[in-house]
């Protein structure tokens, strides 16, 4: 207010007004500033001044033939004077208006296709909702953000090849289109842009916008997905923010979001399996996100998130050299340290072995809702400057920094025993033990930390153990700042190694990431994630495990059937039956398995007892390590829908229901697919129909290799012999007939011969 009064005062003196409005600008320094160099120093002024002239535009000479000298109002459209220094004509802005209204018309069909990104942006803005403007201090931190909504994720080189192929197909130069996305995009664009009259350079430029992710390092408070970044200038200023809901989503943001969810699910699941690294790779290879292979997305997508980076490390891709602890990304900005094992005692006199970092180091800490600068010496926090969205976020950052400092007072603040375990029931390492402990309750930690008097520093404020702000006192070495800490801007990637337990290390052996760092946050993916791996069946709960297990058996029935009769142990050990075991009550798993295996053995031994439906129904139970017992069961229990439900050994139940007439199998009322029983079940003599054109020679003969399924017989050449698995799970030797005429008689003789061959 004072300043405004002062200015008003000055302006009221007539001399001031005169100086400001009348004096010429003849100061040498000013003239120099505006005339030296080719760079325009004041583009908007230059534009206004140019447009005030009569002929500010130059055009090709041909314009004089295409545009009249005067328009209907008699205004001159172009000058007879040619432009100094070029053979172009000087043109009035009115000529542009005339051209737009009366110039030649061209087909507009390609415009929405070429300028797709612009048209889409207009649609998003049209349907977006702008809310109220709030005035408040904005804590902005610079983050690397995607500024180009709606792009594919090709590398610059891949995009260049696609653009050359689409826009300049006849140019020389080697172009290798290898990836699936490259080929699809090229084909699509070539069709769309047939007979396109828009200048090739413009098409190339617009294609680049569509194909490549462009990132900038920008100050952001709030949403970082590309549909928010495109309106950054409308939604946040230095002291204000405007609420905004985008009017549409773009695939690249959805891919980023879904990739993070898929990666988290996969890492969490892999961590609890017998061989985490092998499982993780198997799942990454067999997962699709929105119809694209996850492996392809990982190769192209620069998203940096703990789980995503673990997956990338497993694939041998480079990742950022920053490391993760407590959900914060740490980047060392100066100093160095050496690591040494040290034993420390907690407040509960429990011994912990920690790797102490000896030496002075400075780090930036960046999290979702808080950022900080941390300076530490050996087991001592020198200074922590933290900023965050709210008290809770600031507290989280302080806890992580205190644990990271490895200070003695932090370790002594532990009350009770530390025995936190990960998802696989293994003890966490000491640093994560401490972190979990204080994340649960940090009262003692803050209380014991110690407080100090503080100096009044602009933009900084103290924080007390109960998290209240103060200008006089603060926890030792800790200040809260109004300013955020920028994210690490470099896009440098380093070579890393990953061990069996998914711990990622840089080449100096520092651990950058581990499964403990993967967020437990659950979200709903924007794009469909298809996990083909049986390890992920349990992600949607017990029902999904049940349905998926039976669907898998039905899909692979032909091979399962052969294994069932010839190599049952291998079949029982298939990983696809692993998830199912969690549904079977632990105490009885072994007995069920022993019972089912015995039942199956009888089926193999006794002619005519083979029963497709029953084998499928009971097979998953045989996968557990069997306990030998004399127990017989008429029903088996599975834990779904929060309680035990029964599967009847003989007959249908709500869990497993097979309809003989429609051949449909329903699991818990959900359709699980069509089940074709073997033709011989229930009706003797039908094998012959299946074996038409084959002569049954006798019992199985191992020299002719493993048994084929009936479907595979069709590949035999005439006169070729093979073992074949017929209905009852029995194997006989057959030969494909040399002549087709005798096929009819096969039907009658086959039945007799099968009986003889088996008995």
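Even glycines carry a Cβ here, placed using N, Cα and C.
If you look up Swiss-Prot, you'll see 736-739 marked as motif 'Nuclear localization signal'. Sequence annotations record features per position, and here Swiss-Prot assigns site 'Mammalian adaptation' to 627.
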Residue 627 (site 'Mammalian adaptation') falls, by three-state DSSP, under coil
Mean per-residue pLDDT in the motif 'Nuclear localization signal' (736-739) works out to 70
Sequence-ordered list of residues in the chain of residue 627 (site 'Mammalian adaptation') that lie 6 or more positions away and have a Cβ within less than 8 Å of its Cβ, or none, is 590, 591, 593, 594
